[in-house]
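Positions annotated as active site, phosphocysteine intermediate by TrEMBL: Cys451. Taken from TrEMBL, the feature substrate binding site covers Asp417, Gln498. Residues annotated as compositional bias 'Pro residues' in TrEMBL: 550-572. Annotated compositional bias 'Basic and acidic residues' per TrEMBL: 585-603, in sequence order. What TrEMBL records for 6-102, 112-212 is domain 'SH2'. The domain 'Tyrosine-protein phosphatase' annotation in TrEMBL covers 242-513. Annotation source TrEMBL lists domain 'Tyrosine specific protein phosphatases' at 428-504. What TrEMBL lists as region 'Disordered' is 536-613.
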Amino acid sequence: MGSRRWFHPNISGIEAEQLLLDRGMDGSFLARPSKSQPGDFTLSVRRLSEVTHIKIQNTGDFYDLYGGEKFATLAELVEHYTQNQNQLREKNGEIIELKFPLNSADPTTERWFHGHISGKEAERLMMEQGKNGSFLVRESQSKPGDFVLSVRCNDKITHVMIRHQKLSALDDGKYDVGGGEKFDSLTDLVEHYKKNPMVETSGTVVHLKQPFNATRINASSIEDRVKELQKDNPVHEGKAGFWEEFEFLQQQECRQDTRSRKEGARPENKTKNRYKNILPFDETRVKLKDIDVNVPCAEYINANYVLPEGEDGERKKQYIATQGCLPATVNDYWKMIWQENTRVIVMTTKEVERGKNKCTRYWPEPGTKKSYGILLIRHLSETNFPDYTLRELEVTKEGENNPPRTIYHYHFKAWPDHGVPGDPGCVLNFLHETNTKQDNIPDVGPMVVHCSAGIGRTGTFIVVDIILNLIKKFGLDCEIDIQKTIQHMRTQRSGMVQTEAQYKFVYMAVQHHIETVSKRIAAQTKVAGRDYTNIKYSNEDAGGMDPRLVKPPPGPTSPAIPPVSTGPPTAPRPEQAKTLPQTPEPEKPVYENVGKLREKQNFREPPVPKKPT
């Protein structure tokens, strides 16, 4: 859990409860300073429609929950109980789960704000990718609630502490650099020192020339980031931030394009590549195993494994990105499907587009069967939907007693020949269907995704799916980095997400998903009929548990926590219930047409380029 932004330095217990009930869900949590015991902290956790407050003791030597494991930092304590869900319990043995960190809001939407990154990470980034005069602002790790201005000067990094002083939780506070003028916002402070450079005690003048922009964002604030990215940038000939971020990806790939593709370039494999220069990296390519050893390069197929970036040891969803079949590769393709135990195939191209063959048909007609090498494919059924066709195929390996396998072939047909879909909702609904199928098959292998070349639409579908899975796991307040996710994918198969239009579409799809989920949560909140005047608070206005109520811990790893929680929410009156909005089924998000949704919100649709660059 890389972010520490679940720490809210300036809120009370009442405000913590309102935040968790308004913006959170079951399992959402945050940490905050204790109001009753200065120096201590409180962990506030939403459990269904109630909030439990847990006291965290800071002895000066370690942090603990008045018993149990001891930790050097607050972050290590929170991370431990997040990763070990069965170790935080009430006195009655009931588990308190920390699932979704509820992050504090960014103090600014400016792209030079990098959130929680460390000083060392800021130095590495700006020394590798910045230039003299580059600057960023980040959260202080030593003083939560304050910030740091990091600037590259004379090929070294200078760090300037920014104090944020607030008189009360409702006060926005003032920002200063330890003396001199005070500012109402970080943006005002930065703008001032861009025009009026600071001078170090050594005499070095600290110029803020160009922002070193972040791509990391809080998922729930994606609308603000999209608005920033749509602004024209005079430094880049008036081009918007989407172009800037995508151009950085292109430049990075050129610099790092040193991975071997020797196998794909062999003469024996020439007829197996749809495009002679789009070849798989040797390191991540899929190798066929059940082959004739007398046939040269029989184990080659133009396909790569793609794994999301994640914590070590964590089981991650896997993908295989591959090209559209050629007549010479259909048998190998089905061999790969069987070998990898793939049950869901996502095809994102038509067989022919604009008169050009994009993918050879690799399945038989409905109700028929056909042999592809050692595999027999039977076409069981075909169902047409507005944006895609679902085919159920039965695969049997000849000569063996293996039971037949059912393969679900999702053929997306709403991607236009040029550009990207105008409505992200159709892609999101499609991905929801494919994921539902994939998730309900035990011990399933990688999902195979392909278009024609296996990099443009394929990469776009995979990166949207990865980001949505991240949000599903960590909640709407998790941190996401679309550019970094694509960059990581490109280390496994080159060129993933081919155009600026596709890059922008990823943002729009994620934004539409978040808007849809937020609407559903808001509707569910109204149905619950919460009335904050009916909340019961603890001895310090829900600021934390009274240590006197805590019984000695039963063991070193399982502190028993007596809860101090809110009362039940007030139920809506019968006449109210009749007019409350109906929520979609929790397990089936319904993505509205994006145009209609924007119209409802008085949102001006950003201009979409006619052609991808």
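Yeah, the Cβs are placed from backbone N, Cα and C, and that goes for glycine too.
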DSSP-assigned states of the domain 'SH2' (112-212) in counts, ordered helix, strand, coil: 21 helix, 36 strand, 44 coil
In three-state DSSP terms, the structure that Cys451 (active site, phosphocysteine intermediate) belongs to: coil
Proximal but sequence-remote residues of the same chain as the residue listed as 'active site, phosphocysteine intermediate' (Cβ under 8 Å, at least 6 apart): Gln323, Gly324, Met347, Thr348, Thr349, Lys358, Cys359, Arg457, Thr458
Mean per-residue pLDDT computed across the domain 'SH2' (112-212): 85
Other C-beta atoms that fall within 10 angstroms of the C-beta of Gln498 (substrate binding site): 18
